[in-house]
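The compositional bias 'Pro residues' annotation in Swiss-Prot covers 154-167. Annotation comment: Swiss-Prot describes Cys346-Cys386, Cys372-Cys401, Cys405-Cys432, Cys521-Cys563, Cys548-Cys578, Cys582-Cys608, Cys699-Cys741, Cys727-Cys754, Cys760-Cys802, Cys788-Cys819, Cys827-Cys869, Cys855-Cys884 as disulfide bond, evidence class similarity to another entry. According to Swiss-Prot, the feature domain 'Sushi 1' maps to 344-403. Annotation comment: Swiss-Prot describes 697-756 as domain 'Sushi 3'.
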Amino acid sequence: MRPAALLLLPSLLALLVHGLSLEAPTEGEGQAPGLEEMDGELTAAPTPEQPEPGVHFVTTAPTLKLLNHHPLLEEFLQEGQEKDELRPDPPTASPLPRLANQDSRPVFTSPTPVMVAAPTQPQSREGPWSLESEPPALRITVALPPGPGMAVPTPGPGERPNTPPPSGAWTPTPEGPGDIGRPWAPGVMSQTTGLGMEGTVATSTASGDDEETTSTSTIITTAVTTVQPPGPCSWNFSGPEGSLDSPTASNSPPDVGLDCFYYISVYPGYGVEIKVQNISLREGETVTVEGLGGPDPLPLANQSFLLRGQVIRSPTHQAALRFQSLPPPAGPGTFHFHYQAYLLSCHFPRRPAYGAVTVTSLHPGGSARFRCATGYQLKGARLLTCLNATQPFWDSQEPVCIAACGGVIRNATTGRIVSPGFPGNYSNNLTCHWLLEAPEGQRLHLHFEKVSLAEDDDRLIIRNGDNVEAPPVYDSYEVEYLPIEGLLSSSRHFFVELSTDSSGVAAGMALRYEAFQQGHCYEPFVKYGNFSSSAPSYPVGTTVEFSCDPGYTLEQGSIIIECVDPHDPQWNETEPACRAVCSGETTDSAGVVLSPNWPEPYGRGQDCIWGVHVEEDKRIMLDVRVLRIGTGDVLTFYDGDDLTARVLGQYSGPRGHFKLFTSMADVTIQFQSDPGASVLGYQQGFVIHFFEVPRNDTCPELPEIPNGWKSPSQPELVHGTVVTYQCYPGYQVVGSSVLMCQWDLTWSEDLPSCQRVTSCLDPGDVEHSRRLISSPKFPVGATVQYICDQGFVLTGSALLTCHDRQASSPKWSDRTPKCLLEQLKPCHGLSAPENGARSPEKRLHPAGATVHFSCAPGYVLKGQASIKCVPGHPSHWSDPPPICRAASLDGFYSGRSLDVAKVPAASSTLDAAHLAAAIFLPLVAMALLVGGVYLYFCRLQGNSPLQLPRTRPRPYDRITVESAFDNPTYETGSLSFAGDERI
């Protein structure tokens with residue numbers, strides 16, 4: 001067999017094994033060990049080809065003994081329950097298409113076959129991640145970087161590889177480098193690539209030509225040798241938390257930059273949270289973070305947004321980080337990230353119209369319960385449960401509340417019944433019956449909120465009884481106008497019947513009912529308004545006062561009504577009605593302007609004008625929240641008090657939310673509807689909120705602050721004005737004390753405040769010292785003690801105490817001390833010894849200085865040759881000063897034998913004069929001694945033996961024995977002369 005065939009043999013074997021694994025998967029493939037069967041169905045992820053029957057949901061999630069389980073969003077849930085209407089989060093895709101009622105959710109599929117490695121125990125930096133029940137591994141496919149054995153183009157020297165890694169599939173296993181992160185290896189992530197291997201095999205097997213086979217083998221060999229495997233620079237993490245560290249320079253191939261991948265996979269139902277603990281990149285290096293688990297990677301962040309302390313969250317349980325560095329020696333940079341798993345949650349469910357929702361938890365296992373208002377029925381599941389998955393989701397779609405066609409309402413106290421589809425149009429061929437039954441001993445009252453029937457055979461009948469045979473008290477066939485005062489039942493029942501034919505539709509009807517006791521008036525009602533009463537049960541004598549919501553006006557009734565007639569209690573006036581009228585004037589500082597008859601459709605051919613007026617030094621902000629008018633209708637805003645003022649804006653047709661600001665204290669609003677336009681539907685018109693605001697050429701007026709005052713730089717708060725806030729003694733400014741009016745007419749900072757000072761300011765450190773503090777925040781009573789370093793002296797008080805002062809802020813008991821270099825007194829200069837010298841010749845010597853002493857020739861130094869000025873208070877010499885004594889014969893003969901002096905070096909050779917002095921000086925001394933004795937005896941006897949002439953004797957001192965010279969000439973060692981300090 002040729003060498004080329006030998007090279008081709010491993011490739012053929014690998015392809016054969018791969019093909020077998022794809023065609024005939026082994027038993028249990030794609031199913032993790034420990035995967036159990038529930039309700040006759042496996043918990044493995046389904047495929048897109050499988051249908052979506054309403055089967056029992058089975059999940060791979062364990063019971064909710066979860067790691068890193070954060071507290072539930074209690075505050076968020078409470079806030080959401082208090083709101084009337086909540087916006088749902090945007091729907092997120094689920095990777096489990098077989099779960100019940102997931103009709104509209106996209107399906108995440110694997111683009112390539114996956115070979116699942118056997119799972120092992122997951123590891124992390126913190127130790128093993130263990131659960132009570134081992135979770136099965138899910139099959140997940142994402143893009144994989146090139147690995148060993150994959151042929152990719154090799155960048156040239158200095159060229160940076162910036163192409164994305166080839167598409168592939170990888171399977172994160174529970175085993176991973178959660179503790180330190182281990183390099184990627186083919187055993188961890190199986191992949192298939194489009195390398196053209198199949199074509200190569202076909203060519204080599206189909207042809208018997210050896211030359212062709214050799215050529216093919218050469219091509220394959222060349223492709224493999226050009227690979228720059230990034231194996232040491234790719235890691236797979238599967239623990240619940242860990243660290244991502246930048247690779248070292250040793251990981252970088254020669255002349256090629258690094259292209260590193262960090263793959264993170266946590267347990268489904270958790271997301272990946274990455275925190276930037278440190279990052280320092282070189283110019284040209286990139287770091288990208290993506291969320292995985294969907295059909296396409298989700299970009300989360302790159303090096304432009306990665307700052308220290310930043311937190312990035314992936315909405316799925318997989319994430320990837322890619323680091324690309326420059327070739328050596330420029331790179332690589334450094335970074336240190338920490339990741340951890342966090343519990344994912346379902347989105348907040350949408351509140352149904354005419355209903356409410358109550359949520360226990362948004363995390364897996366939580367539930368949402370729905371209910372509808374009276375007169376509406378729930379269509380859909382009443383209870384939803386949050387299921388654990390790659391992205392948690394509700395087990396069903398949110399229900400809706402629809403108006404029921406008929407029904408029995410027993411113990412009816414207060415509520416409403418509406419026609420099917422209300423406030424929209426009802427459908428054809430309806431026959432609906434409602435039976436209202438009040439509690440025992442009470443009667444019913446009906447208010448007509450709205451009745452709109454088609455002008456044909458559609459009919460509304462209200463009967464004073466409990467069946468279709470009861471006498472009618474209202475029949476739409478016979479009554480043209482609705483009774484403003486409503487209807488009263490003679491017993492505890494009302495029977496309502498609505499029938500429609502096969503042609504024509506309308507909005508239908510809305511009736512409000514109230515039950516009331518005998519001897520009392522019924523509860524009044526005003527649509528789009530409120531009322532206050534003097535008694536909650538409305539007995540005789542009760543008074544009620546009505547008011548309308550902003551934008552509405554009271555009509556057709558009295559503002560105050562009273563319950564009268566004890567025998568047959570009733571209101572002395574009918575309840576008023578609140579309607580949105582065409583035109584009006586207002587001087588309120590805030591309010592609402594509504595289209596005529598809102599929320600009902602406005603009429604055709606209307607021309608309405610509203611005027612809004614505020615104080616002269618104020619301006620008006622118009623907040624147009626709803627604008628749904630016909631294309632032939634016109635809404636115009638004038639910046640003034642009449643139609644000749646400047647036009648702020650003119651609009652036709654529907655438009656989104658926007659705002660307008662006036663330059664005057666007045667605004668005029670004109671609405672003109674098209675006479676020939678068709679009738680619009682419900683909630684067609686406009687809603688405009690207006691507010692009084694400060695002048696729009698100045699910043700808003702700043703208020704005074706307690707315990708302080710403000711000082712503006714000029715009276716008018718125009719652009720550039722500076723306002724300075726100061727506090728009274730004993731208080732300090734919290735926040736910025738200087739605010740500036742900016743170009744956008746807003747203040748540069750938030751309003752500060754004055755806070756009572758209860759602590760002293762930090763006195764600070766003292767140079768060349770250390771301090772001991774009793775409390776780090778320096779409250780009243782705290783102490784600070786300063787201790788100087790060695791060689792320094794404290795000047796001032798060493799102990800400071802924080803004292804409270806009623807009239808001002810707390811203050812330290814003394815000023816901060818100082819540590820000065822210790823100044824020591826010098827030593828006084830010593831006189832040179834007699835027959836000797838000292839060096840240096842100074843009058844004063846600083847502490848630490850040294851003085852050297854020496855003797856003249858023929859004298860010996862007794863004492864220390866060098867003494868030092870010892871620092872102190874006061875400074876003193878280390879030893880007494882030495883003296884120079886003359887040499888003596890005793891010293892010369894002190895030795896038991898004469899030691900011949902060693903000849904010194906050539907530099908210290910004795911000259912002849914010194915040698916003569918050393919010999920004759922003792923002789924002279926002896927002669928003087930003999931002469932002295934002689935003269936003594938001669939004087940004692942009165943005459944001289946030598947008969948010398950008498951002369952006046954000269955005085956002389958008595959020579960004592962101490963005057964004898966010691967002779968050091970023959971001492972062992974060198975001879976001692978002036979300047980030699982040794983004896």
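Just so you know, glycine gets a Cβ as well, placed from its N, Cα and C.
Cys405 (disulfide bond) carries neither a helix nor a strand DSSP state and counts as coil. Take the disulfide-bonded residues Cys401, Cys855: by the count of other Cβ atoms within 10 Å of each Cβ, the lowest one is Cys401.
Here the disulfide-bonded residues are Cys405, Cys521, Cys699, Cys788, Cys884, and the one whose Cβ sees the fewest other Cβ atoms within 10 Å is Cys405. Here Cys346 (disulfide bond) comes close to Leu362, His363, Pro364, Gly366, Cys386, Leu387, Pro392, Phe393, Trp394: these same-chain residues lie at least six apart in sequence, with C-beta atoms under 8 angstroms from its C-beta. Taking each Cβ in turn and tallying the other Cβ atoms within 10 Å, the top scorer among the disulfide-bonded residues Cys386, Cys578 is Cys386. Looking at Cys372, Cys582, Cys802, Cys819, the disulfide-bonded residues in this record, the fewest other C-beta atoms within 10 angstroms of the C-beta turn up around Cys582. Just so you know, the Cβ of Cys563 (disulfide bond) picks up 23 other Cβ atoms within 10 Å once every protein chain is counted.
Here Cys372 (disulfide bond) is compared against the disulfide-bonded residues Cys432, Cys699, Cys741, Cys855, Cys869, and the shortest C-alpha distance is to Cys432. Neighbour counts were taken as the number of other C-beta atoms within 10 angstroms of each residue's C-beta; across the disulfide-bonded residues Cys608, Cys727, Cys760, Cys827, the minimum falls on Cys608.
Counted over every protein chain shown, other Cβ atoms within 10 Å are most numerous around Cys741 among the disulfide-bonded residues Cys741, Cys754. All protein chains shown were included, and the count of other CB atoms within 10 Å of the CB of Cys548 (disulfide bond) stands at 20. In this structure, Cys432 is the one among the disulfide-bonded residues Cys432, Cys869 with the smallest number of other Cβ atoms inside 10 Å of its Cβ. Put simply, Cys405 (disulfide bond) is 116 Å from Cys869 (disulfide bond) when counted between their Cα atoms. Counting in whole angstrom, Cys699 (disulfide bond) lies 61 from Cys432 (disulfide bond) by their C-alpha atoms. Of Cys405, Cys548, Cys884, all annotated as disulfide-bonded residues, the residue with the shortest Cα distance to Cys582 (disulfide bond) is Cys548.
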